[in-house]
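Feature annotations, reproduced from TrEMBL:
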SIGNAL    1-16  signal peptide
DOMAIN    210-249  domain 'EGF-like'
DISULFID  Cys220-Cys237  disulfide bond
DISULFID  Cys239-Cys248  disulfide bond
DOMAIN    270-309  domain 'EGF-like'
DISULFID  Cys280-Cys297  disulfide bond
DISULFID  Cys299-Cys308  disulfide bond
DOMAIN    330-368  domain 'EGF-like'
DISULFID  Cys358-Cys367  disulfide bond
DOMAIN    401-438  domain 'EGF-like'
DISULFID  Cys428-Cys437  disulfide bond
DOMAIN    473-510  domain 'EGF-like'
TRANSMEM  564-591  transmembrane segment
Amino acid sequence: MKQLIVALALVTLAFAQDCSLPTIAQLESVLPPLLVISDGSQVYSPNVTEGSVQYVCLAQGDMIDTYKAIALIATFTPNPGEPERTRIFDIECNSGTWSGRTGSLDPPPASVVGVPPKTNCYRCREGFGGDTRCRACDSACNSGLRRCTGSGSGDCCLSFTDSGQCDDSTDCTSSGPNYVATPSNNFTCTCNLTCSAGYAANSNCTDCDLSSICDAYSPCMNGGQCIQYSPATNYSCDCTGSYTGYNCSDCSLTCSDGYTVNSDCTNCDFTSICDRDTPCINGGQCMQYLPATNYSCHCAGSYTGTNCSICSPQCPQGYVPNSDCTGCVLSNICIANNPCKNGGSCTSFNNGGYMCNCAGNYEGNNCSVCSLSCQNSGNATTDCTGCMCPAWYTGNSCQTVIDPCMSLEPCGLYGTCSSNRTEYMCQCHEGWSGPHCQDCTIENCDRCSGIPPICESCMEGYVIDETGKGCELKDLCHTTPCANNGTCIGQPGSFTCQCSNHWSSASNCTICSDGYGLRNDQCVECSKNCLVCAESFAECVRCEDEYEVSSSGECISSDLPNNILIWIIIGSVIGGLVIFVCVVIIVMGIVRCTTSYNHNKTHAKAIKKDHLANQRINENPLYMSQDDIDNMEKE
């Protein structure tokens, strides 16, 4: 069904009795006058489709659930048996009865359809408006009714004069930090924002926007005059002298050979005698030096001299100088440099001449000309063996026309092709578009087929809708947005999180709830008697009175320093006793070690003497003298 959506025009209403939301029967009774005016007929018996009514804007009445005016979108049949239509209607309440307003029925922008209805749409004074406050602005209610609340609570003056101006010089703060209202400007809230050159205050008086790129950046170079256009980024440059280009950055001055444009694009300076005078003749190459009058010649062939003016060839046996003294050539030109191109055979003559016998389709003195004649703008191939034909032509000489519709089938499966021999045009079937009818018109569809098309797969984030033909937004819970085992409750286009273990649902279960902080990836309750808890690491940063924060982030009693002093004294006494006991134990150990050592030494000497005696008695051949024994004892 092709829908026609018509825009809302809101109006100011002030009647003694407001109306509740209209019923289907009431809507059907107010439609005929609107249809008569818009369609020109005099006979209508509309039937509104149940469930099709969508409210766009509700002008709140003086009592709850009552309204002064409503803009709504409804689908209906003008008369029985006729196709359905969808339009937007503007109705008003007159003494408790709904009636239609005959305003413009132009289609609204697509953004109007499907938006939540606006409520409390009251009219502000001339030149003011807004969603919730009276101020100069461009809002969705800009055509009439404004969403402004009671006196003194809106973003406008507390009171106005009959001409709509503010009569309170201090009441511009709610309009914005840069607004002032003084007697000098008739107490009108006026933007007082100061901007740099080339910038001007924006419509909300909150910042400076570019107003003139000429004043802000001076883009025209080399003395060019900047001409400002609208919008502020558009400009042109009126260049001076020989400068050209969009920003006057290019110098258009041209100089003769040997001269170069100077740095300010005003004159040509002499820079090269080689380019100006060409002093090297007979094909000599001129080498330029500084200053501009210095040069040397690199002579060609057999030429020598300052300017290559002397011919002095030295040709070997069998070679002769050429006519311009550039070198020596063989007398048989076919051998020296075969002039016959493209596979042609060469025959030389005694006088230095030659003749070419060309191969294939080539002709000319040197077989360099392709003799093929290609029709219809065709071109011969590089090897002159055939013709390269343009589009829509074929044949040896490109003489045959190709029907593009028959040969290319450019319109595919979803279009009808028509041609005029060299061009074609595609007439696309319903639901298809593009130069080759290759684009499906179903929104958010990745792949579709059929006439009319049916979507086979939707783009990322979308799924096939209930009709089985189009695409709709996928439930966002499929992305698992709720962290830390939170439960996602999906809705079309949105979701909410239910968190556990003290995680906050306001952050999709990624931040701990109030009074808890994060420790080891768990939400832990902060210290007792804590006023301010650092949620990122579950430690207290401010405690209640008579408590203070310890190094571990706990709240401890503020009397703790006195207790610490007592424990320090007790610890010192105990530590002194421990040290004394250790000293006594060490001294006793040293005495015992010394006594044991002397006893062991005496016992060793006795053993040595007994051993010597035994040796002497047994006449051991290794008998030791008294000196040896004394030396052993000394050791």
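Note that Cβ sites are derived from N, Cα and C of the backbone, with glycine treated the same way.
Mapped onto this structure are the features recorded in TrEMBL.
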| residue | record | DSSP (3 states) |
| --- | --- | --- |
| Cys220 | disulfide bond | coil |
| Cys237 | disulfide bond | strand |
| Cys248 | disulfide bond | coil |
| Cys280 | disulfide bond | coil |
| Cys297 | disulfide bond | strand |
| Cys358 | disulfide bond | coil |
| Cys428 | disulfide bond | strand |
| Cys437 | disulfide bond | coil |
Counting across all protein chains, other CB atoms within 10 angstroms of the CB of Cys220 (disulfide bond) number 23
Candidates Cys220, Cys280, Cys299 (disulfide-bonded residues); nearest Cα to Cys239 (disulfide bond) turns out to be Cys220
Listed in sequence order, the disulfide-bonded residues within 10 angstroms (C-alpha to C-alpha) of Cys308 (disulfide bond) out of Cys220, Cys280, Cys297, Cys367, Cys428, Cys437 are Cys280, Cys297
Whole-number Å distance separating the Cα atoms of Cys280 (disulfide bond) and Cys428 (disulfide bond) is 70
Using DSSP three-state counts, the residues of the domain 'EGF-like' (330-368) come to 4 helix, 11 strand, 24 coil
Simplified to three states, DSSP reports Cys308 (disulfide bond) as coil
Counting every protein chain shown, other Cβ atoms within 10 Å of the Cβ of Cys367 (disulfide bond) number 22
For Cys237 (disulfide bond), the nonlocal same-chain Cβ neighbours (under 8 Å, six or more residues apart) come out as Pro219, Cys220, Met221, Gly224, Gln225, Cys226, Ile227, Gly245, Tyr246, Asn247, Cys248
Between the C-alpha atoms of Cys299 (disulfide bond) and Cys428 (disulfide bond), the distance in angstrom, to the nearest integer, is 71
